[in-house]
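**Student:** Would you mind keeping the following structure in view while I ask a few things?
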Amino acid sequence: MPMYLLDGKRIWVAGHKGMVGSAIIRSLASEDCEVIVADRQKLDLTRQEEVEKFLLKEKPHAVIMAAAKVGGILANDTMPADFIYQNLIMEANVIEGSFRSGVEKLLFLGSSCIYPKYAAQPIREEALLTGPLEPTNEWYAIAKIAGIKLCQAYRKQYGANFISAMPTNLYGPRDKFDLNSSHVVPALIRKAHEAKIKDLGCLSIWGSGTPTRDFLYSEDCSDALVFLLKHYSETEHINIGSGGEISIIELAHIVCRVVGFKGDIVFDTSKPDGTPRKLLSSERLVSMGWRPKTSLELGLAKSYESFVSNVADN
């Protein structure tokens with residue numbers, strides 16, 4: 001399929017105020033296109049009628065579905081109904097509404113948690129649905145898998161050019177730094193910052209510190225998404241990863257160095273670790289000519305700067 005040109009296109013970014021959505025807006029600024037956004041107060045994505053009216057009125061040529069209810073292990077464990085229902089209903093409404101309103105192309109943003117807990121590493125796209133999920137985030141994962149299948153179903157039945165991309169663990173400006181709902185990177189940044197400010201002697205972290213993860217800066221992810229919107233039109237979902245992995249304990253040491261916390265790091269092994277290892281294979285995306293640009297330490301420094309400027313006193 002030929003390249004999808006963005007020149008003169010109207011592109012709706014759903015979830016534009018989130019970490020990824022806001023990064024997508026910045027990436028699209030260099031394209032000759034018109035970006036459409038809608039605040040939550042004006043458009044409730046869980047209301048099908050509102051979504052369809054918005055799409056029929058705005059008539060976007062392309063849609064990037066970056067809106068989602070997200071959170072870490074604690075949030076997923078305590079609010080399973082919210083995580084599965086809200087994500088299912090939002091993605092179904094946006095995908096169905098996009099089809100009904102004649103959207104030319106849709107990019108659905110998933111998550112690496114869709115893969116089995118013990119998938120062979122690095123995880124390739126074909127590992128989907130080959131084994132049981134990680135129990136600590138299965139509710140969110142099931143909703144995201146459904147989003148992939150919705151895109152594939154509309155393509156199969158109607159020929160819709162709907163694609164899906166699965167990024168690895170993301171971090172960056174506008175991340176969620178609330179300890180009750182955050183992922184590991186923003187949680188570590190907040191904990192290290194507060195430990196430094198309070199002059200604490202140690203920093204306590206969930207789990208053993210041994211699991212390894214693949215982390216990607218949000219600006220690199222948004223760059224990949226715009227690249228895929230232009231160059232990818234296949235049925236199968238495609239991974240977006242950094243190409244490297246790091247243990248949680250190594251990550252914690254880098255965060256402490258960036259933040260300036262000089263105390264000890266202790267691990268609370270009574271808390272769950274989650275999946276022991278998760279590294280995405282980005283071989284397909286790299287073969288198309290895309291690569292990430294931001295080192296982990298630089299990305300963490302930018303994330304901490306954003307946290308201090310916008311969140312630290314809240």
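The count begins at 1 with the first shown residue.
Note that Cβ sites are derived from N, Cα and C of the backbone, with glycine treated the same way.
Sequence annotations record features per position, and here Swiss-Prot assigns NADP(+) binding site to 15-21, 109-112, K144, 167-170, H183 based on sequence analysis. Swiss-Prot lists S111, C113 with the feature site 'Important for catalytic activity', giving sequence analysis as the kind of evidence. The annotation active site, proton donor/acceptor is assigned in Swiss-Prot to Y140 on the grounds of sequence analysis. If you look up Swiss-Prot, you'll see K191, W206, R213, D273 marked as substrate binding site, on the strength of sequence analysis.
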**Student:** Consider the recorded positions G18, S111, C113, Y140, P167 and say which one has the Cα lying nearest the Cα of D273 (substrate binding site).
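**Tutor:** Nearest in space to D273 (substrate binding site), counting only the recorded positions, is C113.
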**Student:** Please state whether DSSP places L170 (NADP(+) binding site) in a helix, a strand or coil.
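**Tutor:** DSSP assigns L170 (NADP(+) binding site) to strand.
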**Student:** Select one residue from Y140, W206: among these recorded positions, choose the one with the most other Cβ atoms within 10 Å of its Cβ.
**Tutor:** Y140
**Student:** Taking Cα atoms as reference points, which of the recorded positions C113, Y140, K191, W206, R213 is nearest to G15 (NADP(+) binding site)?
**Tutor:** Y140
**Student:** How big is the gap, in Å, between the Cα of K191 (substrate binding site) and that of L170 (NADP(+) binding site), rounded to a whole number?
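**Tutor:** That comes out at 18 Å between the alpha carbons.
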**Student:** Would you count the other C-beta atoms found within 10 angstroms of the C-beta of K191 (substrate binding site) for me?
**Tutor:** 24
**Student:** Nearest to L170 (NADP(+) binding site) by Cα distance: which of the recorded positions Y140, W206, R213 is it?
**Tutor:** R213
**Student:** Ten-angstrom check, please: count other Cβ atoms within 10 Å of the Cβ of C113 (site 'Important for catalytic activity'), all chains counted.
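**Tutor:** Around C113 (site 'Important for catalytic activity'), other Cβ atoms within 10 Å: 24.
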**Student:** For D273 (substrate binding site), just count the other CB atoms lying within 10 A of its CB, please.
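**Tutor:** D273 (substrate binding site) is surrounded by 17 other Cβ atoms within 10 Å.
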**Student:** How long is the line from the C-alpha of P167 (NADP(+) binding site) to the C-alpha of W206 (substrate binding site), rounded to the nearest angstrom?
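**Tutor:** Spelling it out, the Cα of P167 (NADP(+) binding site) and the Cα of W206 (substrate binding site) are 23 Å apart.
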**Student:** What whole-number Å value do you get for the CA-CA distance of G18 (NADP(+) binding site) and C113 (site 'Important for catalytic activity')?
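**Tutor:** With the alpha carbons as reference points, the distance is 19 Å.
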**Student:** Round to the nearest Å and give the CA-to-CA distance linking the residue listed as 'active site, proton donor/acceptor' with C113 (site 'Important for catalytic activity').
**Tutor:** 8
